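K.L.:
Take this structure first; my questions come after.
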Amino acid sequence: MSNQPNRIIIFDTTLRDGEQSPGATLNGDEKLTVARALARLGVDVIEAGFPYASPGDFEAVQQIAKVVGVEGGPSICGLARATKADIAKAAEALKPAAKPRIHTFLATSDIHLAYKLKKTRQEVLEIVPEMVAYAKSFVDDVEFSPEDAGRSDPEFLYQVLERAIAAGATTVNIPDTVGYLTPSEFGQLIRGIKENVPNIDQAIISVHGHNDLGLAVANFLEAVKNGARQLECTINGIGERAGNAALEELVMALHVRRQYYNPFLGRPVDSTEPLTNINTKEIYKTSRLVSNLTGMAVQPNKAIVGANAFAHESGIHQDGVLKNKLTYEIMDAESIGLTNNQIVLGKLSGRHAFSTRLKELGFELSETDLNKAFLRFKEVADKKKEITDWDLEAIVNDEIQQAPEVFRLELVQVSCGDQARPTATVILRGPEGQELMDAAIGTGPVDAVYKAINRVVNVPNQLIEFSVKSVTAGIDAMGEVTIRLKYENRIFSGHAANTDIIVASARAYISALNRLYAAIEQEKAEKEKAAVTSAS
């Protein structure tokens, strides 16, 4: 990787910064699934996590480094504070990767120095080169971030960056940590760094930003014009508070407006060479995967991947699009992998046809998972005459991409009507395989189901979000249910799809409860381990 590439490096931090969204916590297997999808998408760098943060994060980074960080694959990055313990832990987790990167950071704004770090500027100027050099002793590829660079004194920032590069940093990342800057300010910040850091040509300038004012993508594009060559982003823009810059928006902006951005990368205006390595046809699929696994629904009017991104309500617009798509569409839906809602299978379709179509859609399933998905497909096909690609996607997401089952739904029955009190009966299979049954009355059928499940499971929680949407059109369409539960200060999400919305609601609730229960059990195990360690 040259220090000044003539293309844009895409650094995906969905598994690190994106996972910090409330309720977006993923287990190790889910993180690996996302990492594989990011590799297929073509991202250059995957920030897999923060190895020092927890044993679970360490194991996830290590597994991703081993399975996804192979020769010819993406660089695998681990985050570390500017301490030797953090950096050593990151290096250990990244050992299996063919192209490991350690990303270390230290705040440089006066407010962070005074209130968080309680350090002087001189101390920071000494710590940064020492820690970058320490990281360099483990890996060749080191990234340094001056946290809250957007609110740092520019002259001090230049000194910090110069010392970081001199100590071996190959990438210097400029974060707008609180999403405060405007595009012109961000562009000036990058230009100032290009002009005032003497050794800046020895490192790639990266940018990282949050969307608190809705300006993250605009800021990044302005940064590209002023010399930034790496963009740190997340799928669907997920992340803390208002989120991060959205990968799909950045990539498609650079793709659609290539002629505009070509000169800023030293290319002829009419160059047709892509500005990124991203396979854009994988964008929609990856967006759906992340949405399903995190339980964070994509808003319908979200640019690029929202349900309405290629929909036209106005009669004038519809007429124009039918005559020529370019009248009201600046990109083709197929360019992001959004295929027509084509009918492909039915109840007479066999396992081979089912398996073949899933492979065409990009799903690589093990024999066990394929069998599970096929049984579910047959179940849906008996109730739904025509099975579309979107139905197949929903089936795979619902059947395979779920939290490990501690509780399993065996039966749900409801009785309701305008003259009857909604009543639900549920039968679950518990952690030891025991049958658990109960019934409850609610204000509606879903409320009754959830109350019955709560009586059986007995895990305290608060339902804070419940949403339903149709997968496809038609009266027999599958419905997708996404819910979010709150337990103490943590949020857990669940997702399920079914032609029966009550069944989908029950399965989504069980999915979220399984995540919650697993987290409680893990906390118990860690406390017991800590108690044993302290006793010995």
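From the backbone N, Cα and C atoms, a Cβ is placed for every residue, glycine too.
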K.L.:
Among Asn226, Asn236, Asn244, which is the one Swiss-Prot gives for the Mn(2+) site where Asp17, His208, His210 also bind?
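P.N.:
Looking through Asn226, Asn236, Asn244, the residue Swiss-Prot assigns to the Mn(2+) site is Asn244.
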K.L.:
In sequence order, what residues of the same chain, 6+ apart, have a Cβ less than 8 Å from the Cβ of His208 (Mn(2+) binding site)?
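P.N.:
For His208 (Mn(2+) binding site), the qualifying residues are Thr13, Asp17, Ser145, Asn173, Ile174, Pro175, Asp176, Thr177, Glu232, Asn244.
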K.L.:
With every protein chain in view, what's the tally of Cβ atoms within 10 Å of the Cβ of Asp17 (Mn(2+) binding site), excluding that atom itself?
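P.N.:
Around Asp17 (Mn(2+) binding site), other Cβ atoms within 10 Å: 23.
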K.L.:
Which numbers of helix, strand and coil residues does DSSP report for the region 'Regulatory domain' (408-536)?
P.N.:
48 helix, 54 strand, 27 coil
K.L.:
Which residues does His210 (Mn(2+) binding site) neighbour through Cβ under 8 Å, counting only same-chain ones at least six apart?
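P.N.:
Non-local contacts for His210 (Mn(2+) binding site): Asp176, Thr177, Val178, Gly179, Ala216, Gly239, Glu240, Arg241, Ala242, Gly243, Asn244.
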K.L.:
Can you check what DSSP calls Asp17 (Mn(2+) binding site), collapsed to helix, strand or coil?
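P.N.:
DSSP call for Asp17 (Mn(2+) binding site): coil, neither helix nor strand.
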